[in-house]
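Annotated transmembrane segment per TrEMBL: 12-29, 131-148, 154-171, 178-200, 220-253, 274-298, 318-341, 397-415, 422-442, 462-484, 496-517, in sequence order.
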Amino acid sequence: MQKPPQIGGEIWWPALVATVVKLLLIPAYRSTDFEVHRNWLALTHSLPLSRWYSDTTSQWTLDYPPFFAYFEKFLSFFASRVDPTMTHLHYGLNYASERTILFQRLSVTLSDSVLIYSAYRLTRNRNFSSFERFFIWAVVIWSPGLFIVDHLHFQYNGFLLGMLLLSISFLEEGKDLVGGFFFAVLLCFKHLFAVAAPVYFVYLFRHYCRGGLVKGFGRLVLIGSVVLVVFCCGLRSLFLLWADSAIFSLVTLQMQEVLRRMFPFGRGLCHAYWAPNFWVFYIMLDKFLAFLLVKLGFNIQAPKASFTGGLVGDSSPFAVLPTITPLITFITVFLAISPCLVKAWRNPQPRMVSKWVSYAYACGFLFGWHVHEKASLHFVIPLASTALNSMEDAKHYFFLSIVSFYSLFPLLFEAQEYPIKVVLLLLHAVLMFFGFSSRFPAKTATTAGAVVKGRDSTSETPAFHIGWFGKSYLFGLLFVEIWGQFLHCMVLGDRLPFLPLMMISIYCALGMIYSWIWQLRHITLIH
């Protein structure tokens, strides 16, 4: 086994390249999420803990768990010194001075150090060559999805995914208690990562809480206590209020408000831009049936939600098909994850944790409630560490990452950002192709005992390729993009303006479902 590099060594130059690109993107497009996080800086800086989840000064109310609020509070100490207006609750509304933009952009870049360290840690104890280690670092740190979502659109996904990879790295090393601790911390930063909680619970129960009844029960109590302490720290503001029994009703109301903010079930099944998942086809079938029945003379009221609506809206009830409720999506996600849980229960292998966690997030993406397109990063980034395990893993990651990152294109809808997202995706595809081709070259082996009818008996392993389906799908993806950017206006003019977005969502949904079926077969059933 080769000696792993030191953290001060090889990984820092790909990290430096990524940082340079991020700095160049500072003046580029930013979404309303920029103002969302600026407002969170202001309210955590200006208000006491007890009012963080009840303040409605801005429409962008705090809807992340307490640890992320504490993170914003930490950043606000520096933000108030860079530009005091940035952290003013009222004067700071929709404020975007040059200093504010620079500070918030740099805060995302600096927080990515967690992702850089976790990428290093995830590969340091594996039997990788220097090239293989660098390749995994590159596809993680140079991920076009993270550039698009974090450093253009504006979020902190790299920081959060870094904690997820950190947790996985500890589990793969057999340090289950530490891995469980970091996952609990992650849930207190962003609750949507809880989709993988069943996988963590089953794996830790079977892998960590073993060794007999007494030892196993003791370990169960220990890890349960660790998780409980983390959650108690996260809910510190409520516990401080609880100390005064006279305001118990206030605590109850605040808890209800926190849960309402974090789990906004009233927002509807789908986001304004439909994430490319299973429910796209359910909605399209409902719209098609409604259109057909109207043509046949039936009185059908079509749903009000628009595909291109900019704000979140309730997409239920449906016109024809049964209404999908949050409970239905919860049950569907759990049933989809269950084969993975059975596999983890029967044979809890540390080397499979990355794949199981990625599969769980893929299930949440495909069948969850009000899924954002950005959630595809939750399963694409962890899966990168397994991409070099085999030719099949490489083909799957090549396909999935391109589909996932292309599905994020509608987030950047301004013309000046178009070359950026295209170049980022093309460079990613080229990097993967040459990386996988170097890892899986064509090989020819001569069979022992050699000559058969005057010819050497040889077997040949083909070089890396994506197969006929992958090639056909990617050519189709190219057509979808050409149609949306050029042909739609030429052929249809101003008619059907929603069609390009709909084509991206439907076509990427097909790719996501294909990828999920592949994972179901190769991760949970075959291995």
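Placement of Cβ uses the backbone N, Cα and C atoms for every residue, glycine included.
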Listed stretch, out of 154-171, 318-341, 496-517, that has the most CB pairs under 8 angstroms to the transmembrane segment (274-298): 496-517
Distant-in-sequence neighbours of the transmembrane segment (178-200), which means Cβ under 8 A and at least six residues beyond its ends: 64-68, 71, 160, 163-164, 166-171, 208, 223, 226-227, 230-231, 233-234, 262-263, 333-334, 337, 340-341, 344, 356-357, 360-361, 363-364, 368, 375, 378
Long-range environment of the transmembrane segment (154-171) - Cβ separation under 8 angstroms, sequence gap at least 6: 30-31, 33-34, 37, 104-105, 108, 111-119, 121-122, 140, 146, 178-180, 182-183, 185-186, 189-190, 193, 203, 350, 353-354, 357, 374, 377-378, 381-382, 385
Among the ranges 12-29, 131-148, 397-415, 422-442, the one whose Cβ pairs under 8 Å to the transmembrane segment (496-517) are most numerous: 397-415
Stretch among 131-148, 397-415, 422-442, 462-484 sharing the most Cβ pairs under 8 Å with the transmembrane segment (12-29): 131-148
Outside the transmembrane segment (422-442), six or more residues from its ends: residues with CB under 8 Å to it: 131-132, 135, 138-139, 142-144, 147-148, 387-388, 391, 394, 397-398, 401-402, 405-406, 460-464
Positions whose Cβ lies under 8 angstroms from the transmembrane segment (462-484), at least six residues beyond its ends: 391, 394-395, 398-399, 402-403, 406, 409, 433, 436-437, 439-442, 500-501, 503-504, 507, 510-511, 514
